[in-house]
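A.B. asks: Sharing a structure, written as structure tokens. Questions coming.
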């Protein structure tokens, strides 16, 4: 029997039960769409996040904190203990860190929470200011997308703007923002540089009014960072950070201030190593000094572990759905065998072998599975694209501004179709066996 004859016979049998076959194909379609969508979203999201964290020299960096109880990945969920007597991160600490073998630089950083939001001149958009005061010495070795790093000795407020903000503003050319001004809005009651603090003679109403007052500070954009894991930050000179974090007060003897950076120490120190292989040994050496460490390598390990669990769960859900659809194929073919019992007996009487009859029913299952899986894969591809767009927006809103999810890999689509067809053909084994063993009267 020629393949065209096999195909024609199988199609005629399918045509005799259109509603039943339509429902069967629909079940396979939904299962295949679910499989492609869930697996694609899981794989593309994981790949995009890992790719995001491997940009630049992130994998060769160690983030040092004062609390030695904080070590591991950057979003470690382990229970952490506070350390009241934790050693501060000072200039002396930075010197010790730079002396560790394989360390190429150590850059102290301070989170400047006093800067609440900012706006770029010429734009109506306002953004939350994730401002980091840092030293220029080690940053100067990092390439920028445009401009230059600031000079710490300059008294003029200058900043390096994160590339992620340009994407949010729809600016493709980073050179466009060089030389423009940023207007920062501080938190209410700000007392650092630029604030109009009340006189020591101010009354209670004036002091309450000041506590609700916000200050605006201006700075010039001198550089734009390359896309990276930290491209949603604004970097400013450590000297300006000291001035911002030095609250002032008016007294009868004159104005006083307290430098909170000198008082509390740096927030963290970013240590760069000479290779990714050196990160583990450097982190251990830092832990031995009594400080906490976090690395992007640990974070990626955590992402991979979570991804495995997620894939197992999503794969199990999709597989259960496919098995259910396969049971529908079994039911459809068994009913077909029952309804066409006399036809099968005529074929057998005419000399048709059991193998031929079995192959006809397996071919029917193949066609039902192929049509349903192909339609489902197409639906899954479209659904995954829509979900990826939504996921990108959510992750971008969480600060992962350089993250872009890739297109659905073709192997997922082909694999989904192949698995669906395979299960459909396996499901046809029992109905085909029943049909082949029909007794000739």
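Yeah, the Cβs are placed from backbone N, Cα and C, and that goes for glycine too.
So TrEMBL lists the following for this protein:
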TRANSMEM  21-43  transmembrane segment
DOMAIN    22-288  domain 'MacB-like periplasmic core'
TRANSMEM  308-335  transmembrane segment
DOMAIN    316-436  domain 'ABC3 transporter permease C-terminal'
TRANSMEM  356-388  transmembrane segment
TRANSMEM  408-430  transmembrane segment
A.B. asks: Mind checking which residues of the chain, 6+ beyond the ends of the transmembrane segment (308-335), have their Cβ under 8 Å from one of its Cβ atoms?
C.D. replies: 17, 20-21, 23-24, 27-28, 30-32, 34-35, 38-39, 42-43, 46, 361, 364-365, 368-369, 372, 419-420, 423-424, 426-428, 430-432, 434-435
A.B. asks: Could you tell me the mean pLDDT over the domain 'ABC3 transporter permease C-terminal' (316-436), as a whole number?
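C.D. replies: The predicted confidence over the domain 'ABC3 transporter permease C-terminal' (316-436), as a mean pLDDT, is 81.
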A.B. asks: DSSP says what for the domain 'ABC3 transporter permease C-terminal' (316-436): how many helix, strand, coil residues?
C.D. replies: 103 helix, 0 strand, 18 coil
